[in-house]
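Features of the protein shown, as given by Swiss-Prot:
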| type | residues | note |
| --- | --- | --- |
| MOD_RES | HIS109 | tele-8alpha-FAD histidine |
| MOD_RES | LYS174 | N6-acetyllysine |
| MOD_RES | LYS174 | N6-succinyllysine |
| MOD_RES | LYS378 | N6-succinyllysine |
| MOD_RES | LYS392 | N6-succinyllysine |
| MOD_RES | LYS560 | N6-acetyllysine |
| MOD_RES | LYS776 | N6-acetyllysine |
| MOD_RES | LYS803 | N6-succinyllysine |
| MOD_RES | LYS803 | N6-acetyllysine |
| MOD_RES | LYS885 | N6-succinyllysine |
| MOD_RES | LYS905 | N6-acetyllysine |
| MOD_RES | LYS905 | N6-succinyllysine |
| TRANSIT | 1-22 | transit peptide |
Amino acid sequence: MASLSRVLRVAATCPRGRSARNLGLQPLAREARPTTEKSVPYQCTLKEEAQGASVVPQGPSQPLPSTANVVVIGGGSLGCQTLYHLAKLGVGGVVLLERERLTSGTTWHTAGLLWQLRPSDVEVELLAHTRQVVSHDLEEETGLHTGWIQNGGLFIASNQQRLDEYKRLMSLGKAYGIESHVLSPAETKDLYPLMNVDDLYGTLYVPRDGTMDPAGTCTTLTRAAVARGAQVIENCAVTGIRVRTDDFGVRRVTAVETQHGSIQTPCVVNCAGVWASSVGRMAGVKVPLVAMHHAYVVTERIEGIQNMPNVRDHDASVYLRLQGDALSVGGYEANPIFWDEVSDKFAFGLFDLDWDVFTQHIEGAINRVPVLEKTGIKSTVCGPESFTPDHKPLMGEAPELRGFFLGCGFNSAGMMLGGGCGQELAHWIVHGRPEKDMYSYDIRRFHHSLTDHPRWIRERSHESYAKNYSVVFPHDEPLAGRNMRRDPLHEELLGQGCVFQERQGWERPGWFNPQETAQVLDYDYYGAYGHQAHKDYAYSRLLGDEYTFDFPPHHCVIQKECLACRTAAAVFNMSYFGKFYLLGADARKAPDWLFSADVNRPPGSTVYTCMLNQRGGTESDLTVSCLAPGAQASPLAPAFEGDGYYLAVGGAVAQHNWSHINTVLQDQEFRCQLMDCSEDLGMLSIQGPASRDILQDVLDADLSNEAFPFSTHQLVRAAGHLVRAIRLSFVGELGWELHVPQASCLPVYRAVMAAGAKHGLVNAGYRAIDSLSIEKGYRHWHADLRSDDSPLEAGLAFTCKLKTSVPFLGREALEKQRATGLRRRLVCLTVEEEVPMFGLEAIWRNGQVVGHVRRADFGFTVNKTIAYGYIRDPSGGPVSLDFVKNGDYALERMGVTYAAQVHLKSPFDPDNKRVKGIY
């Protein structure tokens, strides 16, 4: 039996591909062929269950029903959790089909770790539900122990930034009642005597973290589900998905096919893990994930390790999971092995471990727990895991096919997120939407041009894997999968120092660096797989300046952009925005139902509105411009009769908006057409006190308040080019948006810049928009306004036509909420001290935590940190305006509290004078 120290010595001295052979272990299998006999955790349990020792399919474990309300494909963590939660919701006729045995493929060999704290409030809630299910609910329902062990979790910080990140998690945890403690190196040593703490800055200890047993959990889940009437059928591989097209041209699921018969069903849930892409192809659904090898080793017995907490040493990219009197050691490396040809025969097999890839984890583990240097290796575990382009799962109804839901791509976190995600997916299926804001997991977050783009999926999934243990900084950007979607101004702005951000494939301006050009280069895989790592990469270097929880070096550059907008004018390239036309016979009925505001206005009007879901949550905020009918003139003026509307939505969420609108149109059977002109039109926003003077020299229209009021639009000519000018502002200033055909973008931009030179016009990016908009109190969807926030809670009641009798989606929920009182309310808080905040900070009121910050930034005009978050009354009652006003507030940042002032209105221009041109 090889010791870990010998592994390191042999790996360091042997040619590549020989190290494992010299250790007497299994030879390397670079071709990724699986082996079937390995001594691994859970294998014996799985092979010795009552159903028999063989894992060779012997036909279905029970007869197939002819019909089902829901068919879940895949018996891993997500499939079993979804089945269980559907059954708990009272859904009858639910069937789970597993091609082999429960947990085969990936779940059976997973480490089963559960950490309660992550840098996302939604994920903290999902993890809490998983913990509740495995530690309490299942045992209470079935009398069976799931294998849950509460031994605690310990996060290791070997630098100050990592410790700062942990302190942020601790502050967020206080909003959810999660106990955690930042420990000194000495306190860490007392807790974990075998640990080397000489290089530590500190640790974060979470006593109620623990581990789950995959086999025990899935077995108990399915027993509980079966007791409620669900069916579990093993040894029954799915071979096809039957689809029909209805009278409106909408594709819908009708049946699942297997070698043993078919099941008629309107709903399929793809929980097939690594095989989810194959199942998707059966139905014509794109599933953007890749399969990779993911490994850990199990040590021999270690004296004194019993009852120690699980460890995540993020800076060494390694975890140490307690396994009885031994440890499992694993992690995430920069050069994982892709499994390109996923075998449909693979079930309980494993890959041979590539020690050349895995060695770095051994080094990190020995440094952290030195006794491992002389500890033997009991077994190696290297199996397939699925990873996605943004390291978030794929969930929800596929936009290509109604009734086809995804629950896959969990990036090695399927066990810990399974309970929460299974519950949300069940609600999604039954009620049409989840209860929580699941946008970060919703398959509709990806633009359709990306979900079947192999290079983008592979590059982004690799980077997500390689950076899994990296510090999560607020303004990080990917290096992989860039330059997928660029507007006509890209090269022009690059030459002027634009530092770009990426949003759903689009390159959009982040900020402007006057010192150098920062081109985004092709992805170098961090030097792995024979790629040459980029040297002196300006964009990467500037991005590195963002790796801080303090103000970055270019904070002053963003300040100049903001102040120029407030005192003169700034031009923002917002071409990445989604731009849609809503036309057709029901183009008046559909907007009445879709939009919370009354958009039944005369042509030339523009309305800011929300779109809601049935529970009154906000699915989007957008602008809707009412059009005049006529003959088609350009992408700016489509031909239509009756009513027509032009919609502008944030580019990062455009696909989500597109899918939501189409789903509502289909469900209500509205005879409407939604046309996407996002790629045909650019969008320039010129904002600031001097914007009217600048544009008056460019546009052939009278821009006075009387001729061109706020919230109106006109077709005009800009430097001879037809554009749609809309008088709106995302930053709280006098200004206009110019919606410009792609071919005209560059000449129009140059004309604007030339006219603005004498007025102090500057380029500005989205970092400035973030600051300016929070200063004005404008909402950002998916930050301080989400699908689980109502407009009433968010202070947007003015966007809702509740004073009319017009029905709209979500109206009943809003009326009920208004009658019973708001149980939470969005508040604005400012801090006098110049301290950076980014969100997740705890909100204190009168000595109690009442919420956490959703969004924060520095306001350069008011010279204060500004934060927005939802607060609750700890007594459980409604949150009245008096409750908001009559409290002493503080914000906790990284364990330090700062006195804060609460505001009922935006602290900047509360009377809305500037957007009206009143200075």
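Even glycines carry a Cβ here, placed using N, Cα and C.
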Where the distance is taken from Cα to Cα, which of the modified residues LYS560, LYS776, LYS803, LYS885 turns out closest to the residue listed as 'tele-8alpha-FAD histidine'? LYS776
Could you list the residues of the same chain, at least six apart in sequence, whose Cβ is under 8 A from the Cβ of LYS885 (N6-succinyllysine)? VAL902, LEU904
Drop a 10 Å sphere on every Cβ of the modified residues HIS109, LYS174, LYS560, LYS905 and tell me which sphere holds the fewest other Cβ atoms. LYS905
CB contacts under 8 angstroms to LYS392 (N6-succinyllysine), restricted to the same chain and 6+ apart in sequence, sorted by sequence, are GLY409, ASN411, SER440, TYR441
Cβ atoms near LYS776 (N6-acetyllysine) (within 10 Å, other residues, all chains): 23
LYS776 (N6-acetyllysine) and LYS905 (N6-acetyllysine), compared by Cα position, are separated in whole Å by 9
LYS803 (N6-succinyllysine), Cβ-centred 10 Å count of other Cβ atoms over all protein chains shown, is 7
Nearest to LYS803 (N6-succinyllysine) in three-dimensional space, by Cα, is which of the modified residues LYS174, LYS378, LYS560, LYS905? LYS905
Which one is it: of the modified residues LYS174, LYS560, LYS905, whose Cα lies the shortest distance from the Cα of LYS378 (N6-succinyllysine)? LYS174
Let me know the DSSP-derived helix, strand or coil state of LYS378 (N6-succinyllysine), please. strand
